[in-house]
């Protein structure tokens with residue numbers, strides 16, 4: 001099955017490609033600025049310790065950042081999912097270009113993440129895409145990270161984060177935060193993949209999204225296939241961006257409720273339900289009509 005069909009994004013994407021006022025904060029690797037599928041799109045960086053563009057273009061960090069960026073904001077006629085190309089993508093790299101090995105999920109320290117979250121929130125993002133894991137095992141900086149997530153919540157910024165690929169039961173300071181939407185990877189048959197982390201907070205507040213054999217674009221413009229929770233996150237982020245584009249005056253709490261609770265209001269397991277973008281849209285439509 002097409003991953004967009006699996007989470008019922010296709011119909012929503014036919015209604016809208018997003019709007020520039022909806023800003024996504026991409027906390028990942030840098031993005032290939034000269035990528036043909038991204039050229040001319042609404043992509044910009046913010047000042048930080050790492051460049052938002054790739055130097056060199058062949059690093060694993062650049063590949064990962066570009067892959068995720070193309071899921072979100074590539075041109076609609078490309079080979080990437082291209083969920084919300086008319087939204088604005090604000091790139092804030094949080095790991096260096098030489099920091100990844102093959103198959104590794106991007107990681108950063110709690111302090112690095114906290115700083116990047118605050119920078120993105122102050123730059124005006126609506127939703128944060130965290131396709132990263134915390135560097136284990138460390139409690140240093142946990143308080144700063146929790147405070148940064150609290151700050152995002154107070155400012156009405158929705159945070160979407162990877163659950164992790166260790167195949168373990170539990171959570172992190174990110175996935176345990178009540179405002180965060182943790183994302184588990186599902187295969188294209190609608191089943192969670194074994195490597196995805198599960199847990200009480202993940203099951204209660206999270207969502208499943210396509211994360212097995214996902215095709216997007218590599219640095220050279222050719223199709224690349226990647227798996228894991230980090231590539232499942234942008235499907236949820238993109239759905240939120242499209243919903244907010246259709247209902248730009250609605251607050252963050254309503255958008256978050258629609259995307260997480262509209263189709264499955266009762267959560268009783270450690271496994272989160274699969275994203276249903278169309279059910280979220282229908283919920284938002286009905287709520288808007290009742291006003």
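Keep in mind that glycine also has a Cβ here, set from the backbone N, Cα and C atoms.
Not measured: the values here are computed from a predicted model.
Residues or ranges marked as active site, charge relay system by TrEMBL: 28, 64, 230. According to TrEMBL, the domain 'Peptidase S8/S53' annotation covers 21-264.
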Fill in: Protein Cβ atoms within 10 Å of residue 28 (active site, charge relay system), excluding its own
28
Discussion item. Could you tell me the mean pLDDT the prediction assigns to the domain 'Peptidase S8/S53' (21-264)?
Written reply: 89
Worksheet item: Within 10 Å of the Cβ of residue 64 (active site, charge relay system), how many other Cβ atoms are there?
Response: 25
Practice prompt. Round to the nearest Å and give the CA-to-CA distance linking residue 64 (active site, charge relay system) with residue 28 (active site, charge relay system).
Written response: 7
Worksheet item: Cα-Cα separation of residue 28 (active site, charge relay system) and residue 230 (active site, charge relay system), in Å?
Response: 9
Worksheet, complete the sentence: So residue 230 (active site, charge relay system), by the Cβ count within 10 Å over all chains shown, scores 28
Discussion item. Check the DSSP secondary structure of residue 64 (active site, charge relay system), expressed as helix, strand or coil.
Written reply: helix
